[in-house]
Amino acid sequence: MTNTGETKVIESHGTIKKIDSLSTMPYCGVETDENAVVEEKITLESGKSWSPKHYELLHERIERLIDEKQQFFSLEFFPPRFVNGVPNFLERVERLSEGGSVFVDMTWHMGSDPANVDKVTSSSSIAASMLDYCGVDTMLHMTCVQYNKADTLKHLEQAKAMGLRSILALRGDLPPGTELEDTHQFRALDMIRWIREEYGNYFSIGCAGYPLGHPQAPSYKADLMYLKAKCDAGANFVITQLFFEAETFEKFVRDCREIGITQPIIPGIMPIMGYESIKRIAKLSQLEIPQHILDDLEPIKHDDDAVQKYGTERCIEMCRRLLDNGTAPSIHLYTMNREGSIREILKSLGLWKLEGDRVFPWKNRSQHPIRCLESVRPIYWSFRPRSYITRTRDWDQFPNGRWGNSSSPAFGDVSSYYLSNLTTVRNADDRLAMFGANIESFEDVKRVFINYITQAPNADGVKVTVLPWTEAETGVQPETSLISEQLVWCNENGILTVNSQPSVNGAPSTDPLVGWGKPGGYCYQKAYLECFMTAELSDKLIQIIEREFPVRVNYHAINKDSTFDKTNSEETTPIAVTWGVFPGSEIAQPTVVDPLSFRAWRDEAYQMWMAQWGDFYPKESKSYGVIKAVHDEFRLVTLVDNDFQKPSVLFDVLQKALDELKK
């Protein structure tokens, strides 16, 4: 190898592995394919509302749901303290939001340097990441007591630039040891007025309500009148401070309605998750915990599990009462960045509604103000959606309906932060457990790919649930089962597969393996394969395609620095590889192959070899040398079989290339 002086990686083609059949028939749906394997977790449900729509402002969505008498929930989070905690945090937000959260919000945490958009863990940066990567409408808390008007307007402009269109306007807590007269003395009412004066109706504005009155207000009645002033100034809805008794919220709502507050009032609920934590939070909020709750907690205060069980059950009981009697249109849960008990509460209340539909083969960001109309993506980022979002973050519009004849798609660079910190796998140790602490030869590399496809444990008993080119630790996609035998064959023969899809000819849109879109439709796919292979094999492959399949098979082969770059596709014409036909709709083509986008993907695909694998080993080690040799010597190749109605020839073409190379 290049780094160790050993034989080159390409000698792996010495012995060609065989299987009974490389041909794969077009898939027509699980009901007609007796060989299709469907996991129990896959459902046959499809989307009721599947097409992209114009963005609906948060307060408009809340009002619509209330008018339709649909109960809903929302979730509050605070920013993670450390950069390496961001991936786990975003995963947690995404998992919880998949239960149907109408919105999530992010606190204005002064310790995070909240307005610093250059700091990964700031409130502003995390809110933008929640919106972009989790695809759920995100409201940013914003305080003004520490700032002047110019500062606050700057913060609002930053929020607008990041795509955020919902603000929870707050005065904010005074810094410890600070009196109100020592600050700028601006309050939430001032911010609400500034927003409406400067931005009109661009933002949805939430404001805080205090069911027992703000602790610094002259009186409960005075605080109610101040809340009415905030609503009259332009606040669209109210989210309350935490409380401990259902009666407290019920009285508060009655009192608000009596003085003419008509905006939706959403109860803010904090489940008791720990004895000391709830006492600390109550003290910070200047609230008294009812004596009967303290009495209940006293005998179990040292048993964390018992306290959490009590808190969960009490929360469910209180929320159910408020929802059943119609006082609360929804529930806003203060999650404290926890997941388990929050999910249990929502399921018990019947609010958890796991979405079973796929609007597109990739996750549609229907609640994103800008991406909500996006309907087409290049296939290369199928398993790295966060990367795609990062690299297209600065786009002010997204392809809708068709990718079009592109001349220069402006993909941003993947920053070193993204490469190292926004991945899903926790750390190098986890990855090495999957890939192997020692890579002695190319055979070890092939085995990693094979174990990923088969999901068989490796020699150390660890499953390979992720590759450098995938973000989610979920293993292969369900549709991979249709071609898994052929993919294993590829990797056994040194053709390292990183992306693929089988041909599909009119599978129902409700199909559990490949279905997407509106019910009553039909889905189609061209067979696609993306892989790394030796230069010699790619040369032979190109010869065979140009000789025997010049029209049927499109290829694109490229090396790490583009000194080799060859394709038989039109340079600026994309190829639709996934499309659907649905009742009353235009044909949708959500996934394409595009030569110019592929060149942008090439940089990232090669970087992943080292950033997410090779660099975990010492540079002088054999393991590093093996990975570096593959990175340096192998070409990245894509193949498209344009005839989706006949058995795919992609694997047969690869077999021919291997056979001719062997001669």
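The backbone N, Cα and C atoms fix where each Cβ goes, and this holds for glycine too.
Note that the structure is a prediction, hence the values are computed from the model and not measured.
If you look up Swiss-Prot, you'll see Glu76 marked as active site, proton donor/acceptor. The Cβ neighbour count for Glu76 (active site, proton donor/acceptor), using a 10 Å radius and every protein chain shown, is 22.
Annotated NAD(+) binding site per Swiss-Prot: Glu76, Phe77, Phe78, Pro79, Pro80, Arg81, Thr107, Trp108, in sequence order. Counting every protein chain shown, the number of other Cβ atoms lying within 10 Å of the Cβ of Pro79 (NAD(+) binding site) is 27.
Summarising the annotation, Swiss-Prot assigns FAD binding site to 107-108, His141, 171-173, 187-188, Tyr210, 214-217, Asp223, Lys230 and lists similarity to another entry as the type of evidence. Secondary structure from DSSP puts His141 (FAD binding site) in a beta strand. Around His141 (FAD binding site), a 10 Å sphere centred on its CB holds 22 further CB atoms from the protein chains shown.
According to Swiss-Prot, the feature substrate binding site maps to Asp173, Gln241, Tyr334, Arg338, an assignment based on similarity to another entry. Taken residue by residue with DSSP, Arg338 (substrate binding site) is part of neither helix nor strand, so it is coil. All protein chains considered, the CB of Arg338 (substrate binding site) has 16 other CB atoms within 10 Å.
Taken from Swiss-Prot, the feature S-adenosyl-L-methionine binding site covers Gln477, Pro478, Glu479, Thr480, Thr497, Val498, Asn499, Ser500, Gln501, Thr578, Thr591, and the record attributes it to similarity to another entry. The Cβ of Gln477 (S-adenosyl-L-methionine binding site) lies under 8 Å from no Cβ of any same-chain residue at least six residues away in sequence. In this structure, Gln477 (S-adenosyl-L-methionine binding site) belongs to neither helix nor strand by DSSP; it is coil.
According to its DSSP assignment, Thr107 (NAD(+) binding site) is coil. Marked as phosphothreonine by Swiss-Prot: Thr107 (among others).
Annotation comment: Swiss-Prot describes Ser408 as phosphoserine.
The phosphothreonine annotation in Swiss-Prot covers Thr465 (among others) and is backed by similarity to another entry. Sequence-distant neighbours of Thr465 (phosphothreonine) (same chain, 6+ apart, CB under 8 A from its CB) are Met434, Tyr452, Gln455, Glu473, Thr474, Gly475.
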- [ ] May I ask which of the binding-site residues Pro79, Arg81, Thr107, Arg338 is closest to Tyr210 (FAD binding site) if we compare their C-alpha atoms?
- [x] Thr107
- [ ] Pick out which of the binding-site residues Pro80, Pro215 has the most other Cβ atoms within 10 Å of its own Cβ.
- [x] Pro80
TODO: Can you grab the distance from Asp173 (substrate binding site) over to Pro215 (FAD binding site)? Cα atoms, rounded to a whole Å.
DONE: 12
Open item on the list: Restricting to the chain of Tyr334 (substrate binding site) and a gap of 6 or more, list residues whose Cβ falls under 8 Å of its Cβ, or answer none.
Closed with: Glu76, Leu242, Gly268, Ile269, Met270, Pro271
TODO: Measure from the CA atom of Thr497 (S-adenosyl-L-methionine binding site) to the CA atom of Phe77 (NAD(+) binding site) and give the result in Å, rounded to a whole number.
DONE: 38
Task: Secondary structure at Tyr210 (FAD binding site), reduced by DSSP to three states - done: coil
TODO: Check each residue in the chain of Glu479 (S-adenosyl-L-methionine binding site) that is at least six apart in sequence and keep those whose C-beta is under 8 Å from its C-beta; list them in sequence order.
DONE: Tyr27, Gln501, Pro502, Leu513, Val514
Open item on the list: Looking at the binding-site residues listed here (Pro79, Arg81, Trp108, Arg338, Asn499), whose Cα lies nearest to that of Gly172 (FAD binding site)?
Closed with: Trp108
